[in-house]
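A quick write-up on the structure given underneath.
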4 protein chains.
Amino acid sequence: MTEIKVAVLGAAGRMGTQTCAAVEAADGMTLVARLDKDDPITGGSLSGADVVVDFTVPSAAEKNVHAVLDAGAHAVVGTTGWDDASRGRVAEHLERLNATRAHGLGVLIAPNFGLSAVLAMSFAAKAARWFESVEVIELHHPDKVDAPSGTARHTAVAVAAARAEAGLPASPDATESGWEARGADIDGVRVHAVRLRGLVAHEEILLGNPGEQLVIRQDSFDRSSFMPGVLVAVRAVVDRPGLTVGLEHVLDLA
Amino acid sequence: MTEIKVAVLGAAGRMGTQTCAAVEAADGMTLVARLDKDDPITGGSLSGADVVVDFTVPSAAEKNVHAVLDAGAHAVVGTTGWDDASRGRVAEHLERLNATRAHGLGVLIAPNFGLSAVLAMSFAAKAARWFESVEVIELHHPDKVDAPSGTARHTAVAVAAARAEAGLPASPDATESGWEARGADIDGVRVHAVRLRGLVAHEEILLGNPGEQLVIRQDSFDRSSFMPGVLVAVRAVVDRPGLTVGLEHVLDLA
Amino acid sequence: MTEIKVAVLGAAGRMGTQTCAAVEAADGMTLVARLDKDDPITGGSLSGADVVVDFTVPSAAEKNVHAVLDAGAHAVVGTTGWDDASRGRVAEHLERLNATRAHGLGVLIAPNFGLSAVLAMSFAAKAARWFESVEVIELHHPDKVDAPSGTARHTAVAVAAARAEAGLPASPDATESGWEARGADIDGVRVHAVRLRGLVAHEEILLGNPGEQLVIRQDSFDRSSFMPGVLVAVRAVVDRPGLTVGLEHVLDLA
Amino acid sequence: MTEIKVAVLGAAGRMGTQTCAAVEAADGMTLVARLDKDDPITGGSLSGADVVVDFTVPSAAEKNVHAVLDAGAHAVVGTTGWDDASRGRVAEHLERLNATRAHGLGVLIAPNFGLSAVLAMSFAAKAARWFESVEVIELHHPDKVDAPSGTARHTAVAVAAARAEAGLPASPDATESGWEARGADIDGVRVHAVRLRGLVAHEEILLGNPGEQLVIRQDSFDRSSFMPGVLVAVRAVVDRPGLTVGLEHVLDLA
């Protein structure tokens with residue numbers, strides 16, 4: 001197997017720095033370029049990279065992906081904050097390019113590279129239709145401003161969609177009063193938000209039937225937890241032409 | 001050691017029936033009388049019981065305790081719903097009687113006989129002053145009408161009091177929005193209430209400092225879980241003259 | 001949708017009794033026959049059942065399935081203790097019959113009808129290849145004679161197979177001494193067995209990477225927890241000609 | 001309240017460095033001296049410290065404490081590996097000194113400064129006599145060489161002692177085979193040891209009765225978790241003449 005040549009955009013940032021280190025330590029890949037915010041993105045500056053990982057800022061990421069594709073490389077995008085219009089323009093650009101080439105380029109946009117978080121969300125959605133009740137608890141450090149967390153919101157949306165598709169009614173609930181805790185009702189799924197010094201980012205999905213419970217819990221203890229997912233994405237994107245949104249699609253969960 | 005002779009009031013009720021069975025199966029005690037709602041409470045009907053356990057209804061319990069004391073027996077009260085006035089009258093009655101006797105009678109009122117629940121609450125209060133953050137999660141079956149549960153409210157009140165006594169500020173919390181989940185703020189302690197088919201009654205107290213967490217969790221899987229606590233109370237009350245409120249006081253936790 | 005007509009073999013047994021009650025309470029099915037150990041199994045005694053559920057004993061189950069198929073009904077088998085030879089003979093019998101009919105019959109053999117247990121095992125196997133470490137903890141009541149439990153053994157075998165297929169080495173482990181706890185090494189996966197009064201049957205699979213953890217936990221609080229799985233099996237078998245072993249194949253987990 | 005003046009021995013080491021930073025950031029104390037391995041310990045070098053914290057090496061710690069006491073300061077010892085002979089000599093030295101002074105000096109030796117770990121152990125011991133079953137699970141990173149951990153051993157010893165004192169028999173256990181997992185039997189208490197990448201140091205004590213469970217769990221996510229305990233020790237030792245072994249004695253748990 002030949003080595004995958006990797007370039008990193010936003011290489012001096014917090015995630016970019018970790019990505020460079022992770023790529024250098026990984027089997028089967030070589031770091032060929034580190035670019036930061038004022039560096040031009042061209043075939044030359046990318047040093048022949050097969051895959052370019054973008055950890056920049058929302059305002060730059062779409063433009064960066066177009067430049068990466070024009071340079072003939074695959075893109076992995078970890079920068080968050082993409083809207084649907086951006087996705088659409090990247091998808092069109094990609095299709096146009098792939099129509100003119102022998103074998104296609106891929107773009108993998110991942111809002112979350114945490115393997116445990118992505119798997120927890122995916123398993124919760126798959127399990128959802130088989131249980132009468134479901135609730136979500138997310139737990140974070142107390143400096144977090146928003147509640148519930150984005151991950152918990154996505155989980156609840158996916159769980160609610162799976163229940164709706166299976167024709168399940170709302171989770172049973174006889175509560176007559178007391179709705180003042182941190183958290184929200186997301187599409188009918190109750191999400192509780194705990195804030196506690198010492199914690200980082202954690203999520204628990206509780207599913208219940210008469211006499212049984214399934215709990216899927218995910219703990220992110222530090223930022224290093226995203227690197228295994230970034231490496232999975234780099235390895236996957238070279239064999240996955242077109243646009244993929246979400247790491248779960250490359251984790252062979254079928 | 002001589003056997004403790006036990007009578008049960010409300011012997012045909014759900015808790016009373018279990019109490020009779022538990023007393024009969026226990027070492028060191030004998031069931032000498034089962035009384036139900038229209039039975040008179042006298043020295044005769046109590047068959048010389050040393051200890052009388054009351055699992056009747058709030059409207060009858062105070063009167064029952066007076067009758068038990070007049071018959072010269074100790075009382076263990078599991079009936080919930082006592083108000084402070086009732087407690088006061090029982091305490092006075094007890095003092096008056098004990099002043100006229102060689103050795104004193106005892107009354108033990110326990111709002112909760114679950115050993116794990118009582119211990120969890122007590123440990124949480126003891127630990128509270130040593131942690132920057134604390135939150136409570138209670139989890140119950142979805143047919144429960146009130147939220148948060150009484151046990152969780154008591155826990156939060158005890159935890160808040162311990163923090164206040166130690167001069168601790170509120171748990172840190174940067175949350176700017178999102179207060180619509182099941183639960184409440186009890187004296188500044190956030191209490192989350194989860195409702196899930198399959199669960200019975202569970203409580204978790206989470207305490208956090210930088211880099212560490214202490215979690216005290218308690219599970220009540222069924223009503224049989226109260227019987228060990230009832231037996232502890234019966235054994236303790238004979239050596240504990242006067243009024244005691246709360247099983248935690250007889251569990252040697254010092 | 002027409003109602004599914006269901007017959008139960010071993011209807012007087014512990015699981016059979018619950019199955020009859022669950023079928024009677026379920027939407028979309030009717031209980032048409034309850035048979036016990038000396039009852040003949042024929043088209044007549046089965047009262048035109050579409051699906052026959054077998055909760056008998058290992059020595060009778062294979063013969064029962066042949067009779068059910070000869071009567072033209074689908075079979076769901078919850079009786080445990082099938083060996084591979086029995087499976088083979090049922091599969092052959094089924095093929096022969098299906099070759100002679102317009103639309104095929106199905107047999108669904110499920111060693112475990114607990115939805116949470118089946119899902120936990122399936123998710124653990126899917127997740128296994130993405131984590132550096134994995135260990136299993138099973139927790140049961142202290143009257144259980146074997147350790148680790150059958151469910152935990154199956155889980156460990158499935159997890160080990162998934163890791164092997166992905167080319168993962170053994171989970172890292174620097175332990176130099178201390179191997180005397182309840183549990184076992186199953187194909188290189190460490191399985192811990194906890195025995196505790198008050199518990200019923202529980203399993204936890206812990207998967208770890210640098211900085212992150214995924215925990216899949218499953219609780220069976222009582223035998224009623226198997227009934228949702230039995231009903232899923234009854235509904236699925238009518239559309240699933242041939243032999244299926246394991247409830248996970250009908251849970252749409254792809 | 002006057003400020004407590006604090007000196008640190010082993011100030012350049014991993015724990016010493018953190019202690020210096022924690023003291024400097026704390027209310028009510030001032031760091032007056034940082035000493036390292038070749039620095040002499042005298043009234044002069046300690047700069048009038050009220051309390052001296054020792055985080056050196058086992059071979060030096062006893063001698064250091066004698067020097068600290070001779071200089072008229074209280075000592076907090078975090079260096080592990082003290083044997084009983086060392087303790088005895090320090091206790092004698094202390095008694096002799098205190099007999100000749102107006103108000104006594106204190107030495108507080110703490111094998112563990114993690115508040116959550118110390119509290120978990122203490123609560124487990126207090127709860128032990130009230131439950132039929134108890135088992136311990138400790139979970140650590142996979143580079144740990146010994147199993148079970150020292151903390152889990154101490155917990156099991158304390159739990160076993162509390163059960164013995166209350167006259168409890170062994171936890172019930174019908175297991176007939178399968179004793180090959182990581183862990184040990186410590187004085188009759190089963191201790192399970194889990195090793196998983198991503199974890200740091202965690203302990204769970206499970207206590208069970210019919211129908212109920214109490215779980216006390218403690219997580220140490222990083223070394224910073226010891227600092228609150230060190231500060232508690234510094235504040236406590238000035239009011240606690242004589243020798244104290246174990247942080248639990250200053251946590252007001254009665």
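Backbone N, Cα and C define each Cβ position, glycine as well.
Please treat TrEMBL annotations as automatic predictions, because they have not gone through curation.
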**Further NAD(+) ligand in TrEMBL, beside C:Gly10, C:Ala11, C:Ala12, C:Gly13, C:Arg14, C:Met15, C:Gly78, C:Thr79, C:Thr80, C:Ala110, C:Pro111, C:Asn112, C:Phe113, within candidate set C:Asp36, C:Asp38, C:Asp39** = C:Asp36
**Asked** Measuring Cα to Cα, how many angstrom lie between C:His141 ((S)-2,3,4,5-tetrahydrodipicolinate binding site) and C:Arg14 (NAD(+) binding site)?
**Response** 19
**Item:** binding-site residues (C:Asn112, C:Thr151), the one with most neighbouring Cβ atoms at 10 Å
**Value:** C:Thr151
**Message:** Taking the Cβ of each of the binding-site residues and counting other Cβ atoms inside 10 Å, which one has the highest number: C:Gly10, C:Gly150?
**Reply:** C:Gly10
**Request:** Looking only at C-alpha atoms, tell me how far C:Thr151 ((S)-2,3,4,5-tetrahydrodipicolinate binding site) is from C:Arg14 (NAD(+) binding site), rounded to the nearest Å.
**Result:** 20
**Item:** Any further residue of that chain within 8 Å (Cβ to the Cβ centroid of C:His141, C:Gly150, C:Thr151) of the recorded (S)-2,3,4,5-tetrahydrodipicolinate site
**Value:** C:Glu138, C:His140, C:Lys144, C:Asp146, C:Ser149, C:Ala152, C:Ala201, C:Glu203
**Asked** Tell me, which recorded positions from C:Lys37, C:His140, C:Lys144, C:Gly150 are within 10 Å of C:Ala12 (NAD(+) binding site) if we use the C-alpha atoms?
**Response** C:Lys37
**Request:** Check each of the recorded positions C:Asp36, C:Ala110, C:His140, C:Lys144 and report back the ones whose Cβ is under 8 Å from some Cβ of chain D.
**Result:** C:Lys144
**Message:** Just to confirm: which same-chain residues, 6+ apart in sequence, have a Cβ under 8 Å from the Cβ of C:His140 (active site, proton donor/acceptor)?
**Reply:** C:Ser149, C:Ala193, C:Val194, C:Arg195, C:Leu196, C:Leu199, C:Val200, C:Ala201, C:His202
**Message:** For the binding-site residues listed here (C:Arg14, C:Asp36, C:Lys37, C:Ala110, C:His141), tell me which residue's CB has the most neighbouring CB atoms inside 10 Å.
**Reply:** C:Ala110
